Structures are given as structure tokens and as C-alpha cells.
């Protein structure tokens, strides 16, 4: 076989082995390839990201940053390389090649503290190179066999965690820093740095190398450890981190030190020479170029030549080795000169030798052959040695002479390359190949080769890093070479060298090595004591560090980033595996569900914006805290060094979070003062949880001075329960602007309200919940429910899906449902309330925990205590523990839900009772819903704290429910009065809700609460209990209409929205009671105490004329009003007393007013276009501005006060406010300009017109600017926000449109008004918009979202203007009804309003038995309610296509519903099921009217064409036209009714006519014109002999036997245009009463008196002025003849009872729903005390009387 074929053959034979080893190399990189080709490839692949080991190589030069090697490791046997030496007998000591030796290192837990420097080296090695993306790493799955699962998991975690990477890089940098500043560097510290050197990035490695070079150079005495450390750093250096100049510099330093070293001893020269040798090896590998021949090469050669005189063979060997290495370091000869100095064969040989560093043994041996031949002709003295012709010199002189000759000759020797190959094989673990090389190397007879091999073997045997078996094999190999190899040791110095090595091994610390070496010496007949000792240690590397002092010092450095990293890891670990679904949110409390958005996305957008505070609102259990934790988790996951720091703060755990919030939290997290000061320059994202639980009332952004002179750089995400806040809550959260002269900057604030779960989210949550449950229910011992089973129950149980629309309640429901449904299979029969869910949840919780404790390993003492608890009922004891804890938290801990307890400090306090780590207390706490975090304890959820406190007042375990819980009779606990008296719970809405549901659950509890109220009449100590009791009952919807509450004492109670119609409250103590929007109609409050009572409304101001406009003065002290009327002009009112202080009369009717910025002047614009300026104090006219040809619709002062703008006709005029001179006229509008305003900075003038445009003008030049062109109707008024960013415009079609001034784009459309919007105003802080309309309503809107906050009723005519007070607390509206009304911005709907009742109905009717009420609720719901309470019954469904329904009627028996539709059809529906019935189709237009006959056989219908049809429902084919197209096209048909017998059908018309038809014969019985005005409603008397005919202003009674009406009952003319408004008229079943409602929103009740002769007498018994919308439906109870029901378009449904005791008729309301306004009609206030003048005026205006009940007028 030719030499050229050898490598190929070997490669083919060993390809599989090569691939396997190559994979290992790529991961572990436990050797450094040394060839130039390998180096080039490594340099070319510096950006490849490696895979790394968990071990460190034997050579200790773990180049993990360059682990991806291109080296191919190939193995061969002696048979692969024929040689003349192959016949030598050999012992296969090493049967196979092995993996390179490694040091096992325990990988630390990811992110945990790194305890040792080897661990640090390993972890740093797993990092990607700086600037390289992690995802460029080779797929780890391809090399799973090379790494443990722990290593792979660690690496995967690191890939996802840039912060952990930063921490490790920080540690490596600090290690270098610490080593650099350490003046004295001991051997352990040097070993530490040698260990981490190979894995450092280039920057830190070069710093370390530079430091080490400098330390060695500056050392006075030779530091051998530092020298060896320097050499090892160079040997293991990443190729790209080591520059040729570094090597040259080190070489120069070593040369100079070697030159200066005293020669009296050979120790220092030996170490220096050894160091130079290894440095030159590295230089040869790196192909260092341009080594200066004069300055470096020749002087170093000279140093080596100077060692010829040494008699130390060890030193001489190292000198010769170094000299040979020097020959392979190119100097600055040109390539041509080098070729001339060496033969071609030598050059070729060197090319082959380069394969040494690929560890290709075949190539090595072939190259050595060629090199041997090439060098043979110039080998000099060595040639005779190879031929065996040179006699062996005594005492090793053969070696010495060879060394000296070698030093003299300056020739390259093949033994050097063979030794280099041997070291490379050992480094790769190729021990079998090493033995082949030793036996087959062509230079193996060279004593220098033998000397070097023996040294290499000795180093292996002494090195603890090698496996003990390998070390013992080496001892055997040395003996074999000594005894049996005839060519080995022919030079006695080699044998002497071998004996020295064996003697050295006898002193090994490893007993087996020592014993085997001693045995070998005996076998060789050598005496250990007489042998010459090796003067130098057999050590080729510094040992592993036994400790890590440098790392310990670095770990002690209080680095803030490291502590942040530890905080990050701790916080990420704290996040549990609870079910989490990303919540949706809506922009505000009033926003509708269709405006929702993903909350997380919105918050992340906020964090990227310039805003500073984000408020997250939500009901209890909505998931605020869970979201906060998920937000923190997301932010920590993406955290990068020097980035924003997420800081989760549970506000209740901070003592006074209003001050030093961040400092306190950081101290709690163990940051030092210095670190806190350092962090003050970083940005924080504060995630503040539990604003409500901390019971804060202040703005923590302001009180912490986050926008102060030395602010923290913060963004705040803060959460709060909605129940905790009032209307003006934003002031608690809005940041103050950085510029203290600015107003509050709304752009710095944002909010969102967590929306209720949608059905899709509930489904998703259930699916995730099921995944986390065990497959078998541990309590029921059956398979756990599937997601579908849960969803079936949630959808099947009435109203449950709506109840569980937040995460916590849903979790409670999912835990409780299996036990709830198990005992009741009929889902339709199950009714579940919130408190029932909690009851079931707690019961199941204790069942699970009891079982857990029973199966746990407990001590004997704990087992005995558990048995005691179980014997006494574990559930009862657990609940008792938690309710006692809840009570203590409220009473002893001020309601702060988080309790800190340490056993030493809190011993003998109330806390020990609940948190002691002993006995029953420990068992009860661990089985409760109380969670522990360190020394902090809290309930699993705030609502559980409130739930258990509610059980201290009422607990089903203490009442009739004992059987359900398996309880025996127990001694009764504290009585209800005691429980109610402990604490005022009026401000605890969640506790109130739990107790309110108990009221419905247990009637006895309701009675006990009533008894508590009753006791307060005589027991002064019962006031707190009574206040709590009545608050609970009102919340539960209990009515107090007609109740005897005389003398009750309920100070501080909240009875808002309570109903007290005709209640007796004489002498009651109502101090501080909240009566907002309560129903006090005809209540008797005589002699009641009313100090501090709250009504939630302000009185209005009666003025002399119609109000066209109003404006507050900038200082807030005055309100100016434009009054329309003769002799009127401008009214100025004092806002402190609301008395008029000035009336400025004008010659023309005034339309507009405006105050000057200094509040000293007011300008008015009149009907003729005149603008006048007046002195506010004196009323003196100051200026008259003429020149306008049309009315002055609007006025505005510039912010500087120098200009006045007016709108007149199609133009805008700008006037000088001091001279009255017209500066310019702005033209461009094409229709009347109705509004003009200056921008807040005064630079622009803005005008709005009926031409549907808003135009901008330059206020200095008059130059036109941007034009807004909304698509809605003309603009009547507009307003500009205080920051100038938004414009709100009011339009003719009732819409209010928001405009973004910056982008000139339209924003939300505010829809709610039904007529012209005549006034628009922004609140001073820009958060609210008030609008006033011709529809007589004022509406308050959220400016940020466009959502309606509240609608204010009270005006009876068109509203001309609206204005906010400068403090933003109130706003005023002026109307053509000659009133100014004042509204509080906090007057929003209360959350305490009763739900689940009939309301907002357009049609109501009684069931035939009088026990139920049927209603039709827009847009299309049919509902059934209880007649006594209004509570919804089981029937509730939605009609399809409700928008097409024009009319609706219930059948007399209540079984069917008939609807008249837009398409002319009449459709029937089953009232119980909603199933569709027959369809009647004959009308050609929408069916407006429907009437059922009392017998149910016929139905009459009328369409928009005035065609009346009669249908026989027994045969729907039988129908006829009674009236075709109204006979007279101008005669509008308003109503039709069947007589009680069903034998007549009456039809009334606009012309005052009444037609009577016989439905049996379809014959017109009579047609009479009875009225000169339209008859819009009619009704038959119960006996059918009389018709009541309702007009817009009266009711006429017509005896059917007469030709004319007998009596007309008149009412006051309505100021409201009546057309299109409903009029209703109805007889009571007894015929004694007649009810009538008209467009005035009033119900009149007439009473029939006994007749004398033929004269009928009726008197007005009552006038109900308590409605705020027209009454489309009025119906009497067929069973209770004095009871009737009304449905109003104000959203209310009310049931009334008429009584006539002693001849006096009284009308009392039994119940009502959606009563949205305070009612004091007929309220008696005689002798009351403490009522403020403002409230006196308010009630007086509501038609209250201090004499007694009278006709109502509200």
C-alpha cells in the first residue's frame, strides 16, 4: 500500500467512530485542535454558538466559547502503518481510546447562587457569545446523548432568559475585576482565573491576560504559580482573543526573566524554560508571523545555548524542547529565504506534520516518516544515534551531548513533532493511539523522544483528573517499557529518568497508584530510599482550586443588578399554576360590553406611552390581583439589564404607602440604602395592588412626589375595587403635571374596567380548570367532571352563567357545583346565589382538607388534636376559626386584610390565637382558606374575608341549616344585636351583599333584622345594629312602603334607592343617613333628626325669564344667565347663596353671555346683534359693539382678556375688549354661526355653524385654518377641553361628537339625546362632558370613552345652555322652563340599586288571577314578574326581530301574545315558551294597534293606513275590514277597544269621532262626533254602559245611550307638544276609579261618587306627579280592584293601591322598580331638626309640605 493511500483507508475504516467522537467534541470541546487549518476554521466560525459540557477537561483549557471544532478525530492500529519497528513485542496496556478526562461539576439550579468557580466556569461556558443570537445554536435534540437532561433544561432556560445571561456576564466581569485589584495573588486565586479564562468573552479575557502579564512582569521574585497560570491562560485562550503581539510580548518577558535568572540553581530556569517551551508551542500553532530575528529569535536562541553548561538533564531537556519549538515559529525571513535554508523534503514533511493537530494518527506517522528522511541528511550527531552506532554514554551523557548538539545545530528534529503529537493524543483521550505512536514512531530510539514520552506518562499517572484505571495502566506501561522494550532506555539517563518518575509515583496521594509504583520498584529490584528524587514536580497544569475565594468576594459585592436578578427569579418562582385567562376590559365603568379590549395589550401600550398612571378597576373577584401578578410575570420575563424594573407592591402590606412607597418596598425586599439611592436613577413600573384594601383615600402619585423636584422615574399600574370609589374617583389617581402652573394633565392618566367574562372566556376558563383537576374526584370517588359537564350545568342552572362572570366566582362555582348538583338533578329547579356558592365552596374545601389531614403523616400530638376537631365537627370548627379571624381583622386590624405575624414578637397578642404554630390552631390554619407568604397571612381572596365576617352576623351553621351540615344542637352564639353592633358595615358593600342574599335565603333572618330596627326605638345602644340592619334590608330589596318606623335610630345608614312610600318616620334619628334617590313620597318625617342627611341633589333656581345661556365666572363666585323676556337681560347669581345679586336690564332680548378672565366684566349678545360689556359689580354698561346684522348667538373672551369674539349670522367678529373696535370679520361659513370659542392658549379662534362645519382661525391674523366637516346635522354648540386637544360638538339630530384636534379626526359619537343639543361643556379637568338638549335632559359623559355616566331629569322645557363650575364639582343648566338647575358631578347611579326586577317596560298587564304581571320590555323581551314584589319569574324570553314590532297585546287569559309588525302581519306567540304561533297577513302597512276581545275570540287591528280589520281567531280565514283607509285620509285612528262582553268594538279618531261595531255581525252600530278635539284613548266601564274618552287635556265620559258626553274631567294644558306621546285611560274593575295619564308625565285619579238621579259625580282623588317620562301603559288588577300598575318611559314599573278610608282617598305605592330619582312628593317635614337650608329648599321645590299630605306635585 502506498503512503498516499494510508490516510484515506484509515478514514474509511473509522468513519462511524469519527462521527461519534466529532459530536462529542462539538458539545464538550475537551481539547484544542492545534493545526493551522483548524485555527483558521475556528477563527472563521467565531459566531457559531456552542453546546457545552458539565465537565472540565484534563488539560484544563476548556475552550467552551470555541467548542464547535472542525477537527476530525481518527483512530488507527499498528497494522495500519507498516514499520520496521513493528516487530518489537508490545503490551496493549490501553485496549481502546477513551473520552478525554473530565472533572464532574454539579450544575447549579437555574438562576440559583453559584457556589464554586468550576460551576461558574461551566455556566459561563453555556452562554452564547456576545452579539450572537441564541437561536443560532445547533438543535440540542440532535445531541441528547451527549448531555444530561438537566444540562439541556438549563441551557433551554438560559436561552429564554437574557437577564440570567446578564447576571453571569456580570459575575465574570467582577471576577476579573477582583483578580485585577488583588495585589497578592495566591495559587488558589490563580487557579480560579485559569479555570474561567477559556470561557470569558474576548474583552474580559484580554483584561485578565493583561493583568496576569503585568503581575508577572512586575513581580520581584519568580512566582511559579503565576507563571504557570499565565502559560495555561495562553494555552487555553480562545483563538480570536489571543493576538500574535500578546505571544511575542510574553515571550519577550520570559526571555528577559530567563536571561536575568541566577544560574546557581536550576529550579527557576527550569520553570521559565518549561513556560517558554509551552508558549512557543502555542506560537507555532497560531503560526505567529514576523518574529523579529534580531530582537527576539536570535537572543532567545542564545539563551538556550547558554544552558549548555548546565549539568541538569531535566533543564537541558526543556531547553532543547524549547529550542526545537523555536524552530517552528517563523521569523521575519522571507518564504524564499526559508526554502533556501531548508530542503524541499523538510517543507513537505512539515506540511504533513500539520496533520498532527487533527489527531489523524496515520497522517502523523506518515509525516514523521517523511520528516525523518528529510532531516536525516542534516541531523548531524543525532544521525549516528538513530543508526545505533553511537555508544551509550555513561551517566546519561548521551542525552546531554545530544541536547548540546541539538542546541548548537539549530536544526529541526523529528522527536519534537512526535512529542507534540503524543501530547495531542493524550489531550484527546486517544491512549490506544498513544501506545501505537510510542511503538511505531520512526524516532522512538531517540533518547529525547523517550525522555519526553516518559515525562508525559508520569504526568498522566500523577494527575487526579484521570481515571484511576488509566493511571494504574500508565504505571504498568512504564514498567513494560523499562523491562521488556529493548530499544527503550538504551541511554541510561532515560532509565534513570523512568526510575525517578516511578519513585515520584510512590509518593502519590492515591493509595492504589502508590502501591503499584512500590510494587514495580520491587519488581525492578530498585530501592526507593536510595533512588535519586526528581527535583521538579510532575505537573503540567495548576490543580483545580480547592476553594473559591475570588468568587466568594464577588458574591459579597452588593451589586444592585444581581439583587434585582435574584428578585426577578424569586418573583417568577412565586407565580403559581392557577388558572388564568387574559381578561377583557372596557374603557370606563359606564362603557358597554361591545367596547371591550384585551387588558394586557392596553397596559403594555400604556407602558410604551408618555402616560404615568393606569388605573385597573373591577368588581370583587374580577381578577385584578391575578392580572397584576401576570403583568409582573410578563414584565420580569422580558426584563433586560438597565430596563424598567417591575415592582409588585401589595399596598396593604406597606405602612403608610402615601409616603416613601418605593423605598419601603425596596427595604422590604432587602435592598440596602446605597442600592436604593442607585436605583433612584432607574425607571420603575409600580404594580400597586389593593388600593381599596389599604383603605387609602389619597393620591399616592402626588403624595409620593413622583412628579416632584427629585422624582423617581415611575409608571404606576394600580388596581382598585369599583365599589370602593365614588363618582369623582379620578382625582385620587391622576398625576399632577410636572409643571406646577399647569392644571391636571389628563393625558398622563388612563383607566380600564375589567369586563365580565364572556361565554367564550368562561368556556376557556373551564377547560383550563379541568386540566388542573385530578382525574378522580377525591370526595365523590368518581371521575371528575369534564369541561362539557361543567358547561352544561353553568348554562342549565338559571342565571348561573351571569352570576359567575368573574374569575374568582367562577372558580368558587366550579369547586362547588358537583356537590350542589349531586343532591338535585333537576337543573331548572336549582337557584344559586353568590352566598350559596361560597357556602358550598367552603364546605367542599373543608371536606378536601379533612381528608388530606387524615392521610397526612402527623405527629401523635397533631393526630390527637385532629381527632378532637373531627369529633366536634371539623367543618364547624373550621368555619368558626375563619369567621373569628375575619372579625378580628376588622376589629383589631382596621380591616387590613394582610396580617404580619412572627411568633416571637406577636406572642400573647390576638394574632397568636390564629397563627400560632401549635396544636389545633396550626391544623385549623393549614386547612383554612388563609394563605401564608413568609410572615404575612391573608385570606385566599378579599371576598372570603368579607364572606366570613358576614357569617359572624348570620351563619347557617347556627340556624335551621344544621341538618345539612351534620351538626348537633349547640349552644347559641352571640345574639344578632351583638353581632350587628360590633362594627358599622355600611361602607362594606360586599359584606352587605352576602347578608342581603341571606335575607332571601332565610325569612327568619329578615324578621330578626326588622326586630333590630324596632329595638332602636327604645334602646339607644342599638343604633349601629339598626343602621346596619336597615342597610342590609334595603340592599336586599325589602320595601318599607307604609311601614311604621316612628322613632327608629339609624344614624349613618345607607338607604339610597330605598322605598318608604307613606312610611311613618316621625321622630326618627336619621343623622347622616344617605337618602340619595330614595322614595320618600308621602313619608311622615315630623320631628325627625336630619343632621348631615344626604339627598344627592341640589335645589334649582327659579328665574324670571327663559334661560338662553349660562356661564360661571372664572373665579367661581358668580353664575351669569342670559334671560329672555321683557325688562330682562343678564342675571348674576352668587354661587355661595344662589341669590341673584345683579339684574342687568337690556333693551333687547339677550341670547348669550361670557365673563372676562378676571371675572370683573360680563358681555352679552342680544337678538339684534348688539354686544355689550357690563361691570359685574355695578351693572354699568362699559362698551357697546355694533355692526352685526343678525342675532349674537355666542360670545367668547380671549384668555388674555384683550379680545372678544362674537358669532352673528354667517360671520365671526373679533373685537377689542377695551375700545369696542372691530378688529376683523371672519367669513367662510354658509349658514348661521351658533358657537364661537378661543383655544386655551388663545392662538386660535374656533367657530361652529349650522352649515355642519367647525372652522379654525388664527386669532391674530384672522387667517383661516383647519375645517372639520362632521357628517351629522348642523352644530348648535361646541366646547374645547382645557388642554385644547378635544372638541365636543352638539348637533341638531341629538348627537354629540368628539374631535381630536391634534389629528383633526373624529372620535366617539355620544348618543342619548333625542332632540337638538343646545349646550355642551367640558369639565375643567377635561374628564367629563355635559350636554343639554331640547329634549329636556342633561347628560353627563365620560370624555375619554364617550360613555354616558348619568342622565338628569328635572327640566320641563327645552334647555338652553350648560356650564361647569371652575372646581368641577357641579354644573348648571338653564331652561326655557324658567329654571336654573344645579347638578353634582358625583350624582351617578348607585351600585346599591335593586336588580332582577321588571323594569323599563312599554307594556304591562296583569295575569287573569291577578298574581303575576306580564311585561314587554324593549327591545323585545317578554317577562313575568311577581305582583307583590316585581321579582322576575321563570318566564323570560326575547321575541325575534324586535325592531319590526309596532304594537303588542296580551290575550285576556294570558296564554298568548299578539304582535303587530312592520310588514303588516300579526304574529302570535306562546307566552310561556315563546314558541311562534299563527300569522295573520292582510294589512299592507305596519300594524299600529291591536285589541283582544275579553272572550278571546276576536282580535281587532289597525295599520298605518288607518285600515281596521276584525279577525275571528277561531277561524283566521274569517276576517273583515271594518274601516278602510280611515274613510277620511285626514282622520287618524288613535285607539280601539272591545267592550267587557266582547259584543262591541269602539274606535276613536283624531277628529273626535267614535265608531261602534258589532264584531258578531261586522256591522257599524253608530258613528258619532263627540268631541271637538282628538280622542286619543278610550276605555269601557266595567258594566260596558259607558266609554271614557281621553284627549290630550281631559277625559270625557259618554253614556252609550246618549248622543253626547255627559261629563268632561279637565286637567291643566300640557306645555309639551303632545303628538306622539301616549295617553292612557282605564276604569278600575269596580268602576269606582278612573285613571288617566297624558303627555305631562302625570297620572290623574278620579273617584266616582254615588249619583243623585241621572247626574254622575266624579272628583279628583289624586294626582301622581312622580314620573319623568310619559306613561305608555296603565292597567288595573282584575282581582284586586283598587290596585293598578303603571309603566313609564322613565324606565319604572310601579304598582299602586287605592284606599278610601273615611271617605278620604289615598294612593300608596306598593313597589316600584328603576326609581332613579329622589321623590319627596307629599313628604311631611313638620318640626324636623338639622335639615340644611339647601336641603329645605330642595324638598320644598319637590312639593313637600310641612303641614301634612296633600295633592302631589313633584
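Positions of Cβ are set from backbone N, Cα and C atoms, glycine also.
As recorded in TrEMBL:
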COMPBIAS  1-13  compositional bias 'Basic and acidic residues'
DOMAIN    157-529  domain 'Arm-like repeat'
DOMAIN    613-772  domain 'NACHT'
REPEAT    1143-1184  repeat 'WD'
REPEAT    1226-1267  repeat 'WD'
REPEAT    1275-1301  repeat 'WD'
REPEAT    1310-1351  repeat 'WD'
REPEAT    1352-1393  repeat 'WD'
REPEAT    1445-1470  repeat 'WD'
REPEAT    1480-1521  repeat 'WD'
REPEAT    1671-1706  repeat 'WD'
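Against the repeat 'WD' (1226-1267), stretch 1275-1301 shows more Cβ pairs under 8 Å than any other of 1275-1301, 1352-1393, 1445-1470, 1671-1706.
Sequence-distant contacts of the repeat 'WD' (1480-1521) (same chain, six or more residues past either end, CB-CB distance under 8 Å): 1446-1453, 1458-1467, 1529, 1531-1533, 1535-1542, 1545, 1547, 1557, 1559, 1562. Looking only at the repeat 'WD' (1226-1267), the predicted model's pLDDT averages out at 93. Panel annotation: around the repeat 'WD' (1143-1184), residues 1108-1115, 1117-1118, 1120-1125, 1127-1132, 1190-1197, 1199-1201, 1204, 1206, 1208-1209, 1215, 1217, 1219-1220 of the same chain, lying at least six beyond its termini, place a Cβ under 8 Å from a Cβ of the stretch. Same-chain residues lying 6 or more positions outside the repeat 'WD' (1671-1706) and placing a CB less than 8 Å from one of its CB atoms are 1062, 1353, 1397-1406, 1408-1411, 1413, 1415, 1427, 1430, 1622, 1624-1630, 1632-1633, 1635, 1637, 1641, 1643, 1645, 1647, 1661-1662, 1664, 1712-1716, 1749. Residues 586-592, 595, 727, 730-731, 734, 743-744, 746, 750-751, 1109, 1276-1283, 1285-1286, 1288-1292, 1294-1298, 1357-1364, 1366-1368, 1371, 1373, 1375, 1381, 1383, 1385, 1387-1389 of the same chain sit 6 or more residues outside the repeat 'WD' (1310-1351) yet have a Cβ under 8 Å from a Cβ within it. Counting same-chain residues at least six beyond the ends of the repeat 'WD' (1352-1393), those with a Cβ under 8 angstroms from any Cβ of the stretch are 722-723, 726-728, 989, 992, 1034-1035, 1054, 1056-1057, 1076-1077, 1096-1112, 1114-1116, 1119, 1121-1122, 1124, 1133, 1135, 1138, 1277, 1315-1316, 1318-1325, 1328, 1330-1334, 1336-1340, 1615-1616, 1668, 1690, 1716-1717. Nonlocal intrachain contacts for the repeat 'WD' (1445-1470), taken as residues 6+ away from its ends with a CB within less than 8 angstroms of a stretch CB, comprise 1402-1403, 1405, 1407-1408, 1412, 1414, 1416, 1420, 1422, 1439, 1476-1496, 1499, 1501, 1503, 1511.
Under DSSP, the residues of the repeat 'WD' (1275-1301) split into helix, strand and coil as follows: 0 helix, 18 strand, 9 coil. In the repeat 'WD' (1352-1393), the DSSP tally of helix, strand and coil residues is 0 helix, 19 strand, 23 coil.
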